[in-house]
Every structure is written in C-alpha cells, then in structure tokens.
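Pulled from TrEMBL:
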type	residues	note
BINDING	S38, H97, G173, F174, G175, G176, G208, G228, S229	substrate binding site
BINDING	H63, D65, H97, D206	divalent metal cation binding site
ACT_SITE	D65	active site, proton acceptor
ACT_SITE	D206	active site, proton donor
Amino acid sequence: MLASFAATTGLTLGGRAAAPVAPRSGVRMASKYTIAPSILSADFARLGEEVENVLAAGADTVHFDVMDNHYVPNLTIGPMVCSALRKYGIEAPIDVHLMVSPVDKIIGEFADAGASFITFHPEATEHVDRSLQLVRAAGCKSGLVFNPATSLDVLKYVMDKVDIVLLMSVNPGFGGQKFIPGTLDKLREARKMIDESGFDISLEIDGGVGPANIKEVAEAGADNFVAGSAIFNTEDYKATIDTMRAELAKVPVPGKEFALY
C-alpha cells in the first residue's frame, strides 16, 4: 500500500523514491520492557562515548530529542548528529522524537541518517496520515506523540499505521521536569485502545520517569520508558538501569508483543 501511495503521488523522501515497507508481521518481536535513555541529558562533548556507555550499562534504545525553537521553546540537534552516532559505531535502535513543525521534509533526512523509529506530534503536521506513511515508506517504524493536554482521539483513525505511541508526561522542550500525575490515567486509556486494536504497538512514556516511579508507570500500561536526567545525571549508569529493571520485574509486561526493531 505504501509503495503504491508513493507511486501514485510521485512522493520522494530525502530526494529519493520511497522504498517499499516490510509487513509488520515480518519484524523481530520483543516481549520485554525497554529503557531508552534520552541523550538530551548526556554530555555532548563526549556524546559517542556517553551513548556507548549507557548501552553497555543495559539500555535498549537511544532516544533522540529533536527541537526546532518553533514547535517547542528550545533548539537541539538534527540528522547530522544521528548520522555521526551511526558512523561512531552505534548499532542500537535510535528513536527519533521530532518536536518540530513541519515534519515531512525532515523525516527523510533522519531516515537517511540512520533513525530506527520516527515519532512526531499530530499538531505539527497538516496531514497526520500522510506523515505516518512517509515514515513507513522511508523504512522506519512510525509513531505519534501526545502532549499532556492533547487528546488521544486522532489515534483511533491511524492505528494501522502506528508502531509506537509516545505519551509526554511533561510539557516538551526541556529535560529534568517532574512527572505529571494525570498521565497515568492517559496511559491506561492508551493501553486499552492498543490492546483492543489488535495491532503490535509499543506504548512509550517520556518525562520525569526514574527508579522511584517507573513501577507505577508500568502498572498504568507503559512498556517503553524514556529517561534522561534520571540516568545521565547519576554516576553509575548500570546501577541506575539495574534498579529500574528490578522495579519493572515486579510488573508483568502489558498487552501483546510489540515491534522493537
């Protein structure tokens, strides 16, 4: 369907024709909790080393926050840094969270740079369905991100095109914020939607998550946990991640298996 979409519209991604997308049933599956350190909190003077160290400490994926000082009030990094991490030798999945507007042009650029997942906010694009198809056509897993006050209503219309749902438990733009408690009810709502849909969709949480509350967040339905300062602001990454894993071990993994790669 995506190949025909590209063919009928003449769509290109990053200056190249859209590639066919493998069916979802063909991806490698995982049925465990995943931890994704956000490099926004890393030491950028030693970024490659920082990412290497946190992965060696037991992290699963690399969370890559992209901000444009337009959609959110901060300016961070772009495709060049993603590409640099790949050239450095980072092979783990890179989860690119786009906090930019518009999103369509940069999707292809991040796919070319080595992104594994690309997620964006529905408010940041004029055509959510088309942007999701662009991500899939570029060969990446696609996802939607919902701010604390953003309704999940749009999700029910595109669940067949979504591999990951990311709920923000802080207002986007800066790291180190406190978890917004109301996100727990939203997690339960999203988990119910995902389980009832029958699709393999991961439910990710981002903002204020750490060893002290990760168990409660997992109980509400999350299976993928972004943590920035909670990991990078500690002296022992492995000890922190091990503590998070120990807390997660107390909660059965929710829902069905989901696509990790």
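Heads up, the Cβ atoms here are built off N, Cα and C, so glycines get one too.
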| said: Let's check the environment of D206 (divalent metal cation binding site): how many other CB atoms sit within 10 Å of its CB? | reply: 27
| query | If you run the three-state DSSP split on G208 (substrate binding site), which class comes out? | reply | coil
| Pairwise Cα distance for G208 (substrate binding site)/D65 (divalent metal cation binding site) [Å, integer] | 15
| Residue pair S229 (substrate binding site), D65 (divalent metal cation binding site) - Cα distance, angstrom, rounded | 13
| query | So around the divalent metal cation site, H63, D65, H97, D206 aside, which residues have their CB within 8 A of the centroid of those CB atoms? | reply | A36, S38, L40, F64, D95, T119, L166, V226, G228
